Structure formats: C-alpha cells, structure tokens
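To start, the structure under review is shown below, and the notes come after it.
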Amino acid sequence: MPKRTDIKSILILGAGPIVIGQACEFDYSGAQACKALREEGYRVILVNSNPATIMTDPEMADATYIEPIHWEVVRKIIEKERPDAVLPTMGGQTALNCALELERQGVLEEFGVTMIGATADAIDKAEDRRRFDVAMKKIGLETARSGIAHSMEEALAVAAEVGFPCIIRPSFTMGGSGGGIAYNREEFEEICARGLDLSPTKELLIDESLIGWKEYEMEVVRDKNDNCIIVCSIENFDAMGIHTGDSITVAPAQTLTDKEYQIMRNASMAVLREIGVETGGSNVQFAVNPKNGRLIVIEMNPRVSRSSALASKATGFPIAKVAAKLAVGYTLDELMNDITGGRTPASFEPSIDYVVTKIPRFNFEKFAGANDRLTTQMKSVGEVMAIGRTQQESLQKALRGLEVGATGFDPKVSLDDPEALTKIRRELKDAGAERIWYIADAFRAGLSVDGVFNLTNIDRWFLVQIEELVRLEEKVAEVGITGLHAEFLRQLKRKGFADARLAKLAGVREAEIRKLRDQYDLHPVYKRVDTCAAEFATDTAYMYSTYEEECEANPSTDREKIMVLGGGPNRIGQGIEFDYCCVHASLALREDGYETIMVNCNPETVSTDYDTSDRLYFEPVTLEDVLEIVRIEKPKGVIVQYGGQTPLKLARALEAAGVPVIGTSPDAIDRAEDRERFQHAVERLKLKQPANATVTTIEMAVEKAKEIGYPLVVRPSYVLGGRAMEIVYDEADLRRYFQTAVSVSNDAPVLLDHFLDDAVEVDVDAICDGEVVLIGGIMEHIEQAGVHSGDSACSLPAYTLSQEIQDVMRQQVQKLAFELQVRGLMNVQFAVKNNEVYLIEVNPRAARTVPFVSKATGVPLAKVAARVMAGKSLAEQGVTKEVIPPYYSVKEVVLPFNKFPGVDPLLGPEMRSTGEVMGVGRTFAEAFAKAQLGSNSTMKKHGRALLSVREGDKERVVDLAAKLLKQGFELDATHGTAIVLGEAGINPRLVNKVHEGRPHIQDRIKNGEYTYIINTTSGRRAIEDSRVIRRSALQYKVHYDTTLNGGFATAMALNADATEKVISVQEMHAQIK
C-alpha cells in the first residue's frame, strides 16, 4: 500500500539540546526523517531549539523553527503552519513528552492534526509502567516483580514487597534520570525523593533487582501489514545494574544459543504487536538470568533511540529513514535498501559478517565531587564504535578510538604496588568508567576467569577474549621487537593491536613498528558494511579495516579527493558543533565536484551516515589508522581543523609523513597554540594582552604571580574545553593547584594570566583566504570573563558594546588572520574592560560557535571556509561582507548538574555544558527569554527573589534590585547585601546565611519561598560557603544566576513573552537580504 495522500504537510519534533542520555543521535534520525519525507513530496515543518544540528539547516525542511520544544510554543507553530500530521518518534523522550502534552491539551484535536509514527495510546502503553506490565502478562512474557508509587508512603509499602536491593525509576524521564539502586532504607528514601521530584507524572516504578543478569536489546521495525524484522541484536558486555547507555555493548549478540536468540526474536515481535507499534522502529530490552535462563522484558521504547542509531551504523540499515516512510503508509516490502543499490527490499533482515563494539566516553574529571560509579542512571557523554572481524579486533579498535590516552589494554595499576590487588578487586566489583582496563590488570595480577566473573558478572566468553590478549601482550614484552616475525605480527594485528601499543610493549618507538610492517608489506584491507554479509554487490562505500586477504575498498583513481577527519566520540568541550562543521565541509566539497572521504568513529553523528560523504571509513581517528587510509586513497588534501582537538593533535605528524594538510598550516596552528611563539606575534602587532607568564615549577609560579598580581587564571598549555583550568585568588590557592592539578601537562609548562575580573568577554568567528578577512559574527557573552566561553550564554549582535569597540576588534581579527596566515576558519576571544580591548586567545580552527553564527546570520561559515581551504577565494564565492542581522539571537547552554548530585553548579573556567539552545527575538530580551525556555530553565515572572552578592558587585546590585521590585518581586537579602540596598532606600527582608542560625537560606529554599536567586562569590572560602545555596536552588528547581550580568539579562527577559511569537529560520534569513 503506497504512501498516504490525505496528508500534505508534516511537523517533525526535534530533541532539543544535547543532554546526558539524549545526544546527537537524534540529529541523525531527525535529519534522515526530513530527507525521507521531502523525497516523498511532503511539506516538512521542523521544530528544534538546538542550533548545532544539521536538521535545523534551512535547506533540510520547508519551514524550520529554532524555538523551544514546549507545547505552548509548538501550538503557535501549528496554528501558523497548519500541518496535517505530527511525527514525534524522531526526537527522543523530549519529542514524545511534547506530543503527549499537545494531545492532552487538546491542541492536536483543535487543529485537526494526526499523530503518525506512533499513536498516543501506544506511547502511553509503552511508557506507563502499569499498563506495560499488564500488556506483557497478556502475551505470556514476564516483567520484573515491581510496584508503582506516587508518594513516599506508597514507595515504602512497595519496597516491603519487592525487598532490597531494588531499582527505582521515575516515569517519563530519560537516561535513567533520578533513578538508582537502593541497598537499604536510607538510600531508598533519598532516591525516591529525587525521583518523585523529577518525574513529570510524580510516579516511580520500583523493581526487584536484576543486578548481575545479562542484558540484551533487539532493534525491531514493524509495518502496518505486520511485517516485522529484527535489524540487529545487541548484547551488553556489562551485566544489569549499569544503564545500557553506560555499558560496553556488542552487536550482534555473542553469547546466545540459536534457540535462545529465536525465543528473544519472537518475544520482541510479540511486544511490538501488543503495544501497537505498526509504523516504525522500537527497541526492546531483555534481561536473562544466567543461572537458570529466566527471561524478563525490561522495557521498550516506541521510538528511534540511541540504540537504533548504533544499530543503523552497525548494520548499514537506516532505521530512522525507513521508520519515517513507514509512518506515511509504506510497507517494508515496498521500500528498497539503499546500501545494496535497491537489489534487496527493506524487508530483508540485515546479516553481518563482522563484530561491532561500542564503548561509552565519560567526563568525570570535569565534575569534582561527583560519584563516578556506574549505576542505573546514565552518566556518559559520548560513545565510540569500532568494527572488526573478531570480538578482540573490534574491542581493541574501540579502546584506541575512545581517546582517553589508551592505545589498547594499557595497565592502570602497577603490580609492584602492595595495594594493587585490593584496588583491582574494588574496581571490578563496583564499576567505574575504567573497569575494562582493570579486568586486564586482574589477569596480569593472576586472577582466573572465574575469579573475575564472580566480581563482575561479565559473561566468561568475553573474559576469555581479554585474558588471551593479556597473554599475547606478555609474550610481546618477552620477545621484544626482534621476536616480531611476520607471522606473529600478522596474528597480533588481526587481534586489533595498535602499533603504538606493540611499541610500548616491545620498548621501541611507534615508527619502528610501522617500519617493520612496511618491510613485511603488512597493511590492513578494507571491508564494506553492506547489510547482507557480502551476498549482494554494494554501491555505497562504507568501510572498516581488518587484517585479511581481500580488499574491497576499490578507490577511484580519476577524481580529486578531499578527506575530512572527524572528532571521534562526543565529550564535554568537543561535541556536535564540530561534527556539524565536518558534515558541512563534506557537503560543500561534494557540491564542488570533489570526492569526499569521511573518517570518524562516532556512531551518533550525521558525519558517519553512509550518504553524507562519497566514502566513509568507520575507523578510530589515530595516526596509524589515518595514515593507512591515506596510503590507499591518496587524497589531494586532508582537513584537520574541523573535528576539534582530535584531528588537530595529528596535524604535525601527518604533515611529517607527507600527508597534504590543507587550510591553515600545522605550523601556523602551532604558532597560535604555543604560548611563546604567540606572544611574539602579539608583540609584533602591538596588541594588548592581560599580564601573563609561563612557568615550569611551583617556586617560579609564586614569584611570577607576585609580579602579575592576583587573581590569576592558571592552566596547562594545549587544552580544549578548559581542562584543569582554574582561577586562583592567593598564594595558598596557587600552591594547591600545582599539587593537585598540574600533573595534566606531562612536563609541559603552566600558563599564568592576570584575571580580568568583571570584563565583558567577546567571541569573534572569521574566515580568511589570504586576501580578505570575513567577519562571521561578533558575539557578546552574557556571563563576564572567567566563565568558560563554552558555558556562557552569548548574543549576536552584541547587546551592550559600542560600535567603536566592535570596530577595534574587527581590525585586530584582520591583523591576526594575516599574521598567522590563516586559510579557513578562525575564532578570536577578547575581553573588554574600561573600554580597553584585551586579546585572550586565537584558535585557527572551527570553533563551537560556528553553527550558531551560521543560523543567526544565514551564512554557512563551515561550507564557505571548506571551499577556501580547497582553493576557492571568498571573492569567487561572493561572500565578503559581514552580515549583521536585524534581530537578536541568543545562545544559552545546558548543564548536566542534575546528573551529578554533590557537584557545585558554579560556572568557572572549566567547561561543563553538554549542549546549547538558541532563542531568536526582535529584542535582546525576547531572544534571551526564548533561550531560557528552550534550556528548560524554571524562570518565573514574579514571586520572591534572594540577593546575595560579593563585594565587587555591591554597587551594581542596587540597580538590579530596583528592576526586580518594578517587576513585582519581593526581595530578601543576606546581611552585607541588605546594608547596601538599605542605604539606597530599598528594604529587603534579612535572611541568615547557613552558619548564622535558623531559619537560614537553605530552609527557605526547601520551603519553596523563592522563585529567583542571585548569588555571586569570589575567593575559595566564599565559594565553599555558598555552595549549598547553589546546590539547593538546583535541587528545588529555583532559577538562579551566579553572575551579576546574568542577573541583569534575566531581569530584562522577565518583561518579554517567550511564547508569543514564532519565526522560522527561512523568514529570519529573508529579513537579512
């Protein structure tokens, strides 16, 4: 039955900002859905508040709204655009919740909009735990013993039945937010209190513990004629008790017998039938008790998910695209499989002749005080995927693709340490981010497979694989490089050993292993991901490396090629913005007739989609892997400036190996990043910088600090996302920093800068082609200098800076671009204090602001710069004028503090945000208000505000207090702030700080007295003292600001209505022309 003709236009709901548990896999699914539906001739309307996505590019949909995904805003869009249908299965939990809310509020009925892809009833049946349990019983499947609670009393009654340990999960939240495992009553009450607070329906599901059981997932697609296929089976390497998003996973499932697999396959199809999913993809999760084989259904998601992105990349089967077409009435047998060039229909189940491993990437080092043990609440921020012919090869490739400094199973503990065994046992039993390496250490320390199994519950089959690799490592260390004869080296490479790891084991340099491979002519071949285990010929070049005989790469010899190196796994400081740039580079160069080659290993992204580039190599972005691809493809140029720090780190080594790095030269990049060389350039150009020094010892630092003056910003050289960067206020602070943080720099020096307190920070993105410098955009930060630029909200155009100051910056950017010989993108950061412009830093590469600026101005910077790198001047492209839009765009960040209880949510020079949203308005206030709504802030228009500010802010706080009064707020203040306000004739209610007696601030926050808090501090002591204010505000969902500038922006936004007017990107850009 072909597509529906009763609908003409479809509204797709996006997933909003990137948060832990919902990352860029939804940009991938949303972008695919837009393409698939427009291909069928539908008018597509898209709403997504995240500007760093490909799906919000103006050419992806007919009308694109970068607006908050909030039912009232979406109602405005529906009223204006009048879609016939809404597709909510592409935007994760955010989109599902929004669709259900639109249904509940009667919006869909009011405007006659049909929900496609999933019915409200099916979503509710899958998400509502009680209905789900009843449905499973009906088809003869077991679920965990459980109960549902809406209050603490009910929860305790359920716990009495289920017993401890038990697992608590709030309904309608994602990434396991607010859930956890309770081993006793005290922990139980704490988790339930948090869960009741986070669940939009105030509902908790309390389950018997299945900890230690094996966990499996099935990716299923079903159409309305009841054709059902399993796209992929996924097995969790880690047992139940660790959220599947934080588990290492393997596809296809490795330890099921055929009979067990068939039982699970049939069960998952039965689940989709019963829940009523008949137009799209779902994932069904199972737990199996390894002792007796008891099978339990854990849950099902009636939408495209993180696992379906993984399954799509693992098999080459585009689940989101197929799901979008099924949603408009097609059946599986009517759709053709792209990868085989239409030789097979989409109703053929993919079969694969390789093994895929996914490993999550964590960022605990950014959250001092966070609990870094893995539980049922998801904490990872990204993931890496690797493909190999065996489990061992795929696992070792994934370990090196993770970019955490490991080249394979590098040891974590020294076996000479008397505490070694205790530490290993602790890490195995209570898993953290590095357990996989401790397993290898356990085998080195003499534990048996059973010994490790008893501590971890990881299937013995996986453990045997790791043990074998450890024994091989011992052999390499024993025989050294002379013992690496051709056959032995081939065996090692087949098992996924990296040159760098072998070099470390044999005690030689990596280059020597490479030389040895050249002597033996030992190189990888490339195999294709083709959905059919090489049964049919394939047109798409989607490749992975392995050490076998036959190479299927078949590179072209008649076309000019350009290779783009991606950014690897997402992490804080290097996220979707960089992937966005890589995709744009590929699209632009394809349009210009080049053959484009993408190298990346992140399964969540659009860059690793098989039709983004002409050729895709799903490989770790390391020197060894990239050089092997260059050897076979021989590209005319390689782009390293777009994937963040990952490919940049390789620039020099690639150049040294004779690889043509295009754009800004590695030497110019080094001139900008190396402190001393940069200093010389700045002095030549006579630009101002904050007083600074480079030091290599504690004593030297103490001396220099006296000359520069406190406060100081201290950091190691060469970092992204401000790792190990801090503001120190006195000598004791400085000494503590050197003792605790400086080990990051591996004998590299530490930089000291005088900290410009209260300066306004500004970001400028520009493109230089050697002749002309194009200013992409000047963004004024809302938080003052000292907050990492990636964590600060910003406005384009600037909202307080004078024209003169902006012109000074334009001139300085131009001088720097020419001095550093930039070819392509560059980003410059300035600080403005007392009308003086200070240069903070220059990055001759794509910055994380590029997507935001492109959306705000309508100039696709990443595309323009990619063409510049390939030799096309700005004049030839007709892009030489800076665009200053007639409206305001505000970028606001999203922070993951709710996942890390115990971490102080104070913003500082270390970047901690995971994602961003954008708000657009006729005024700064309207744009800022929209950005706040988009980032799920809890800003209220009136109520009671608490003011508690540091010495340096006391003059300006009077003005803020007056604005809040005018808005109708009642005011409270702490002692020092109250005195200043009193002198100005404003009399707030006085409140006690925590150590001044009760009722104090924290009591009042807990009692729900405040709707807004502003709390600014400086100095380590004051920061520690006021931490409980910030933590309580976060916990009780009170909107708070930790900078005075943020407070003023909030006060302005209170007058604006964020839900009143919606504007599409296409309408915005039309205003510019």
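Each residue, glycine too, has its Cβ placed from N, Cα and C.
The structure displayed is predicted, hence computed values, not measured ones.
Binding of ATP 2 is annotated in Swiss-Prot for R715, H754, L756, E761, G786, V787, H788, S789, E841; the matching candidate from Q803, Q829 at the same site is Q829.
Working note on the binding-site residues Q285, N301: by count of other C-beta atoms within 10 Å of each C-beta, N301 ranks first. Counted over every protein chain shown, other Cβ atoms within 10 Å are most numerous around I242 among the binding-site residues I242, L756. Sorting each residue of the region 'Allosteric domain' (937-1073) by its DSSP state yields 68 helix, 22 strand, 47 coil. The closest partner of R129 (ATP 1 binding site) among the binding-site residues, by CA position, is N301; the full candidate set was N301, G786, H788, N843. In this view, E299 (Mn(2+) 1 binding site) is surrounded by 18 other Cβ atoms within 10 Å of its Cβ, with every protein chain counted. DSSP assignment over the region 'Oligomerization domain' (404-553) gives 79 helix, 11 strand, 60 coil. Cβ neighbour count for E208 (ATP 1 binding site) (all protein chains, 10 Å cutoff from its Cβ): 18. Non-local neighbourhood of N843 (Mn(2+) 4 binding site): A672, M826, N827, V828, each in the same chain, at least six residues away, with C-beta under 8 Å from its C-beta.
In this structure the alpha carbons, written CA, of H788 (ATP 2 binding site) and E215 (ATP 1 binding site) are 39 Å apart.
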